[in-house]
Amino acid sequence: MFVRQVPFVYSSLGVTLKRLLKPRLSPIRKLMNQPSSLNNTKNNAVVAVNSTVAADIDKQLMSNKYGFTLPQLMELAGFSVSQVVYREYPLDNCGNNKVFIIVGSGNNGGDGLVCARHLKLFGYEPIVYYPTYTKSISKQPFYNNLTLQLEEMFEIPIFKAPIDKPSLTKYLAECRCVVDGVFGFSFKPPIRKDSVFFPIMEAMVEYSNANGKGSGNVISIDIPSGWDVDKGPLSLTNDDHAKYVQPKVLISLTVPKLCTHFLDPTFTKHYVGGRFISGPFAESLGFKSFDYKGTDQILELKMK
């Protein structure tokens with residue numbers, strides 16, 4: 001097997017990180033060595049993994065070898081998301097500190113619930129929209145524990161039933177920013193029109209594109225909801241290719257996913273979060289751990 005050089009470039013403080021993949025590859029690294037897994041464009045601006053590798057990373061983390069649990073990973077991810085909110089939209093002592101958090105039925109939704117708790121502790125006024133609450137707590141009981149904490153300890157309002165689109169649009173417009181915790185990397189588009197999430201996605205698309213790209217402050221968790229994790233943005237409907245969520249901020253969890261190569265760096269700020277893996281673990285999967293500063297749980301990635 002030949003030795004293949006894959007530059008991983010992150011311009012954090014102008015530092016370019018490069019490494020040489022060794023000939024002896026682990027099973028996951030073999031997956032990452034496939035063209036569909038890594039960006040091998042001319043500039044190699046950002047390392048990213050495809051959906052298969054992303055799932056394998058989570059599987060390894062929660063294996064008997066490493067012992068992470070899903071609630072633990074959500075706690076770590078949700079705290080990272082709350083740090084991004086604080087970094088990008090600092091508290092305004094005389095203004096609007098409402099944050100609208102849209103929670104899906106999967107793991108990204110759990111991240112959003114944890115984020116809401118931390119934001120309340122930071123001094124924000126989080127509002128949670130959880131349209132699949134009943135279904136979600138039956139699937140994962142600890143989601144109910146998270147909502148109980150928000151309601152009983154922190155008195156955070158949670159909408160547990162679908163909201164009509166005009167009302168939802170009004171809520172979005174009244175908040176300082178919107179945390180998009182609807183879909184994660186396991187989502188496979190398109191969204192069915194009869195889904196409870198279709199009007200939510202319509203409202204988020206309109207909000208993020210209001211008055212042209214750049215009006216709505218959307219912070220997406222891991223991937224922008226509605227995007228294909230490998231292929232990037234897909235139109236919500238077939239009649240207009242521009243109908244997709246365009247976040248102001250994206251926080252990739254653990255490592256960026258392949259769709260991040262479709263972000264517009266002049267518009268979307270890109271962070272990585274989830275500071276809980278070791279350097280050797282990262283290198284066993286084909287990438288270097290990120291150069292987080294001090295006690296930060298997040299790092300802004302500046303593409304060259």
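Numbering starts at 1 and runs along the chain as it is shown here.
Using N, Cα and C of the backbone, Cβ positions are placed for all residues, glycine too.
What TrEMBL records for this protein:
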type	residues	note
DOMAIN	54-289	domain 'YjeF N-terminal'
BINDING	ASN107, ASN108, GLY109, GLY110, ASP111, GLY184, PHE185, SER186, PHE187, LYS188, PRO189, PRO190, ASP222	(6S)-NADPHX binding site
BINDING	ASN108, ASP180, SER225	K(+) binding site
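Here the CA atom of ASN107 ((6S)-NADPHX binding site) lies 13 Å from the CA atom of SER225 (K(+) binding site). Residue pair PHE187 ((6S)-NADPHX binding site) / ASN108 (K(+) binding site) shows a Cα separation of 11 Å.
When the Cα atoms are compared, GLY109 ((6S)-NADPHX binding site) and ASP180 (K(+) binding site) turn out to be 9 Å apart. Calculated from their C-alpha atoms, the gap between PHE185 ((6S)-NADPHX binding site) and ASN108 (K(+) binding site) amounts to 9 Å. Put simply, ASP180 (K(+) binding site) is 12 Å from ASN107 ((6S)-NADPHX binding site) when counted between their Cα atoms. Neighbour counts of Cβ atoms within 10 Å were taken for the binding-site residues PHE185, PHE187; the minimum is at PHE187.
Close to ASN108 (K(+) binding site) in the fold, though at least 6 residues off in sequence, lie GLY181, VAL182, PHE183, GLY184, ILE221, ASP222, SER225, each with a CB less than 8 Å from its CB.
In this structure, the CA atom of ASP111 ((6S)-NADPHX binding site) is 10 Å away from the CA atom of ASP180 (K(+) binding site). Taking all protein chains in view, 17 other C-beta atoms sit within 10 angstroms of the C-beta of PRO189 ((6S)-NADPHX binding site).
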